[in-house]
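Engineer: I'd like to ask some things about the structure below.
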Amino acid sequence: MLLLAVQGNEDQWDSATIIGLFCGSGVTFLLWVAWSLRKGDKALIPLAWLKQRVMWNSCITFGLTMGSLLTTSYFLPVYFQGVLGTTPLLSGVQALPNIIPQLLMGMLGGGLVSKIGYYIPSSLLGAALFSIGAGLISTYSPTTPLARRIGFQVILGSGYGFALEMPILAVQNSIQLHQLPVAMGILMFCSQLSGSLLVSFRNTIFYNSFRTLLPKYAPSVDPAIVVAAGATQFRDTVPPSALHNVLIAYAKSVDRVYYLGVGCGVATFVSAWGMGWKDVRKTKKPEAPKAEISQMQESQSS
């Protein structure tokens, strides 16, 4: 994450700092794997658990969904404030078409699982929807009509609502009860790690895209000044004659971030198939101990 943050804002890929961070991260990862193998089941993430298909597919699915959610939801206010010039308060209001469907479709997805008994269909539907929604939002421009801004967000939010909780259900219904706390911890760790990495990816994509596109649309404007000013203040640093072209470059840079959401949706659609087709409606009744059964039989015979 430090590597991506530094590369996106300060240094280029061929700089000594970036190369050193690459080498350091690789060595650190190998040391962590060796330590985990030595500790076995006592490791932070028992690697043997990742051999279970349901477990590692659920981790991938949950991580990609959470990472895509953090990425796309963050840049909606950036688009509203930076490209459309709205206030922070109004940008929050304009993001409600993304937030409200997440809540409603989350409840509907849970009801769908209770009805049909399987969680994979909801996960597949959600992945398809948020992938399509991210692709549609990647067409946003400074002149996108209000109806499209609302409709595309509804599709995106509906996808997250359907997909987000399904990996949790998969783990809860596939892992033995005494292993469930560790399994849930691994699942949450993977989601947070993936989210952090994708957040770094999104920032790198945005800043590098803006620095590439701005000289094309507004050669007289310094990208560093615009980036340093932020989404709400850069208009004060840009000449009025160049503002329209700067907004186009800004919007296209935000659009490229949503390509990452599309990729996450496609990968989620693939990984969700491996979470296991287990009917959650089937519950096994606990068997009574033999001692209790014999006592009941004796009382009945007497």
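Backbone N, Cα and C define each Cβ position, glycine as well.
Here's the feature list from TrEMBL:
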type: TRANSMEM; residues: 15-34; note: transmembrane segment
type: TRANSMEM; residues: 54-76; note: transmembrane segment
type: TRANSMEM; residues: 116-138; note: transmembrane segment
type: TRANSMEM; residues: 150-170; note: transmembrane segment
type: TRANSMEM; residues: 182-201; note: transmembrane segment
type: TRANSMEM; residues: 257-276; note: transmembrane segment
Engineer: Please give the sequence-distant neighbours of the transmembrane segment (150-170): residues at least 6 beyond its ends with Cβ less than 8 Å from one of its Cβ atoms.
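Structural biologist: Contacts of the transmembrane segment (150-170) (Cβ under 8 Å, skipping residues fewer than 6 from its ends): 54, 57-59, 61-62, 65-66, 68-69, 72, 76, 95, 97-106, 108-110, 113, 119-120, 122-123, 125-134, 136-137, 140, 184, 187, 261, 265, 268, 272, 275-276, 278, 280.
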Engineer: Which of 54-76, 182-201, 257-276 has the most Cβ pairs closer than 8 Å to the transmembrane segment (116-138)?
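Structural biologist: By the under-8 Å Cβ criterion, the transmembrane segment (116-138) pairs most with 257-276.
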Engineer: Do any residues of this chain, six or more beyond the ends of the transmembrane segment (54-76), have a C-beta under 8 angstroms from a C-beta of it, and if so which?
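Structural biologist: Same-chain contacts beyond the flanks: 91, 94-95, 98, 123, 126-127, 130, 134, 137, 153, 156, 160, 163-164, 166-168, 170-171, 174-175, 183, 186-187, 190-195, 197-199, 201-202, 206, 254, 257-258, 260-261, 264-265, 267-268, 271-276.
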